Amino acid sequence: MDHKIFSYWFITHLAILSLLFNDVVPSFPPGYNDGPKNGYNNGYNSGYNNGYNNGHGSRGYGIISNLDYRFYDRSCPRLQMMVKSGVWRAFKDDSRIAASLLRLHFHDCFVNGCDGSILLDDSEDFKGEKNALPNRNSVRGFDVIEDIKSDIESACPLTVSCADIVALAAREAVVLTGGPFWPVPLGRRDSLTASEQAANTNLPSPFEPLENITAKFVSLGLDFKDVVVLSGAHTIGFAQCFVFKHRLFNFKGSGQPDPNLAASSDLLSKLTDTCPDVDSSNSNLAALDAASVVKFDNAYYVNLMNNVGLLDSDQILMSDSNAAALVKSYSANPYLFSRDFAVSMVKMGNIGVMTGSDGVIRAKCGFPG
């Protein structure tokens, strides 16, 4: 074949393939591809080498359980792209879903480990976690996980656990909103049961004192620093008015707003407009971080420094000298927060995981069979 003819043929077919590829792969927002691509190469290599080689006790990306970063490389090689695409599709329709998917991972891991149990519907054998008090009419994203699971089942039947999908979706949600990328160790297995009682007992409450919240973290193998770092997840998302409304009108029975919020008249005015002092406003939503509602950054800690954290459990961090020192560091150094948040997320994602022959791979995330 003539060289010029071959060159023309090659370029033409390459262009056609490029057009086809663009039709298949959704368009991601600017910078979204940079995080996973560069973050995975740099984060995986440095995290795996530093965390694993330097010992499980380090705050690198250490492998604490029998999970493996490359667990599905052969059995489901397109897994991470499918999760990424599913999260992006959902985010295009509802920007709140990023915070919801991150919260879903927290609430799964804090109840009997990261086993996908939060996704299970009630059955004749158990009352699940969906309707527990901390989750009812609050935790969201079940349909997004189920949609992603359906896509994955078409490509890799009975291969990928719902628990792993939740962990990956949480990471993609953070990256999508401008936060850090971290390599997610994989190989979790799914639970066959769930517990409403455990969800009511184990999940930290925004009304609890700091020592109680810390005790719940420590009981799961986390530490005080993880409390402060993971609280930074409140840089995105919303809270229902009933969770903080007592701070607006009758703080500690005073008949007056919390002095910290009252000092910011603009914020107090916006919150009272959103959450008037009537029961019908209880389910209204206010941003946890009004400074950057859907941007994952360190503004949460800046808010705490200015005494305008929305929840009691947020602002209470400033009442402890050690927590306040961390808050100060993260408010001044967003890169430090991003690094530590990524490390704590890997650590949290290892809580109580089942691997090997334990548990199952559920075909549908809402059903044990």
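Keep in mind that glycine also has a Cβ here, set from the backbone N, Cα and C atoms.
All TrEMBL annotations are machine predictions without curation.
Copied over from TrEMBL:
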| type | residues | note |
| --- | --- | --- |
| ACT_SITE | His107 | active site, proton acceptor |
| BINDING | His234 | heme b binding site |
| BINDING | Thr235, Asp289, Asp297 | Ca(2+) 2 binding site |
| DISULFID | Cys76-Cys156 | disulfide bond |
| DISULFID | Cys109-Cys114 | disulfide bond |
| DISULFID | Cys162-Cys365 | disulfide bond |
| DISULFID | Cys241-Cys275 | disulfide bond |
| SIGNAL | 1-27 | signal peptide |
Between His234 (heme b binding site) and Cys109 (disulfide bond): CA-CA distance (Å): 17
Cβ within 8 Å of the mean position of the Cβ atoms of Thr235, Asp289, Asp297: remaining residues of the chain near Ca(2+) 2: Gly232, His234, Ile236, Ala291, Ser292, Lys295, Phe296, Asn298, Ala299, Tyr300
If you count other Cβ atoms within 10 Å of each one's Cβ, which of the disulfide-bonded residues Cys114, Cys241, Cys275 has the most? Cys114
Taking only the CA atoms, the spacing between Cys365 (disulfide bond) and the residue listed as 'heme b binding site', expressed in whole angstrom, is 26
Which ones in the same chain are close to Asp289 (Ca(2+) 2 binding site), with CB under 8 Å and 6+ residues apart in sequence? His234, Thr235, Ile236, Gly237, Ala299, Tyr300, Asn303, Leu310
Spatial neighbours of His107 (active site, proton acceptor) that are distant in sequence (at least 6 apart) but have CB under 8 A: Ile118, Glu129, Pro134, Asn135, Val139, Ala199, Leu203
Take the Cβ of Thr235 (Ca(2+) 2 binding site) and count every other Cβ within 10 Å, whichever protein chain it belongs to. 28
